[in-house]
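Visitor: I have a structure here, written as structure tokens, and I will follow up with some questions on it.
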Amino acid sequence: MSVKIGEISYKERIDKGIDNDFMRQAVSSAQGRFRKGRLSQAEELGNWEDWRQLGSEIRTHTLENIDYYLHQLSEQVEKRGGNVFFAQTAEEANEYIENVVKKKQAKKVVKTKSMVTEEIGLNEALEKSGAEVVESDLGEWILQLDEDPPSHIVTPALHKNRQQIRETFADKRGYDKTDSPEELAAFAREQLRQDFLTADVGITGCNFAIAESGAITLVTNEGNAEMVTSLPDTQITVMGMERLVPTWEDMEVLVSLLTRAAVGQKLTSYITAYTGARLEEEIDGPDDYHLVIVDNGRSKILGTEFQSALHCIRCAACINVCPVYRHVGGHAYNSIYPGPIGAVLTPLLDGYDDHKELPYASSLCAACTEACPVKIPLHEQLIRHREIIVEKEKKSPVSEKIMMKGFAQWASNPAAYKLSTKVARTALKPWTKDEFVENGPGPLKGWTDVRDFPAPGKQSFRAWWSERAKGEKQNGNS
């Protein structure tokens, strides 16, 4: 399994994003709104940097002792009658879940929003085995109907407008009302209600698993998690192995950071906590509970210079300030995980072969690092990825290597440099208009296809300096 969402080339995805005016406007508007909310909530707290430091320390401590806390978590879950399965790979996770679904003879599975289940391709695996899978998060449900991957970690359907959503509902579910948000939401609620009531198995992700109690917490705004965790007889939680905290107090800190950093709220509408199978004295919840803990490449990141990437609490604060994401959108990253955190995490989970461009999808402005509520040094990790790509993986294009080698030889030869600056203006004259090079030749074409390149000056700095020095000397002698 792969975190990739398609086979279209990186350049084609970027071009498609840049040409999508609605998407760019929607992303820009959302980024501004989320950023304003985050800054407002940080100011209201008054000691935001102290909270960030505490969040970073909690994540660092947890990962440095992850074996202990995973063991504690599994003990607590099993103590309450749950089943725990450690999946080394996506295939192992999917196979285990498929077997549970088949054993229950389940025809319908209902899910909450979950990045890790998208990462391992769980929906596709279950559908191949004959089960109907229904996403219950509104954004994810829209995308599922339209067979479209998410473009944002928190707001997966950010790239769609309400007219497109209405068309999807009409084509796939016979919707015949207007595109007003209220009517669209009411229709989705009516449709999903039937799925909740008829589902045989409920599958959730996990925001934070609490090691000391075995509790699983879900942070949502729609209330769908309550339905998924209380109605089906069989419940399966799928979590990345890093998604745990030692105590309830640690969870409180990270949830406070998560909600403020993600959407600028003190709290989301719902924070759900559940602890496995239903006990005799309880009136709702599943009879059978399974916790699937997924590695899928994460253990290889532990103990490396990229370990802090696993601190991520999936708030998307880095995405909400990224200028590259603003212009190209989430699909350009060709990964379930877009934005700066995706550019760091995707090559670690899936290798450089298909994702060697991602570390370069950054201006290195460090806005992502500044926004991250758990202080992941994202821009530094992007630079390190670039070093590895060039020095170890040897993934740089041959043309780029030849070009850079030629540039080095040219720039280190004063005579060649001086001559080229003299002839450059004349050589580029056929492509120059109003002091800018348009539709330039050779290596300049990639640049000038999307923006104008300043034409060489009428006089080089070197010549100007020489004339200035001569003038001062003459004035001094007069």
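From the backbone N, Cα and C atoms, a Cβ is placed for every residue, glycine too.
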Visitor: Of C365, C372, which one shares the [4Fe-4S] cluster 1 site with C312, C315, C318 in Swiss-Prot?
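Guide: According to Swiss-Prot, the candidate sharing the [4Fe-4S] cluster 1 site with C312, C315, C318 is C372.
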Visitor: Just to confirm: which same-chain residues, 6+ apart in sequence, have a Cβ under 8 Å from the Cβ of C372 ([4Fe-4S] cluster 1 binding site)?
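Guide: Within the chain, C372 ([4Fe-4S] cluster 1 binding site) has Cβ neighbours under 8 Å at R52, A261, A317, C318, L378.
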Visitor: DSSP on C368 ([4Fe-4S] cluster 2 binding site), three-state: which is it?
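Guide: For C368 ([4Fe-4S] cluster 2 binding site) - judged by DSSP and reduced to three states - the answer is helix.
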Visitor: Do you know the DSSP helix, strand and coil residue counts for the domain '4Fe-4S ferredoxin-type 1' (303-333)?
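Guide: Per DSSP, the residues of the domain '4Fe-4S ferredoxin-type 1' (303-333) fall into 18 helix, 0 strand, 13 coil.
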Visitor: Rank the binding-site residues C312, C365 by the number of other Cβ atoms within 10 Å of each Cβ and report the first-ranked residue.
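Guide: Within the set of binding-site residues, the most crowded position is C312.
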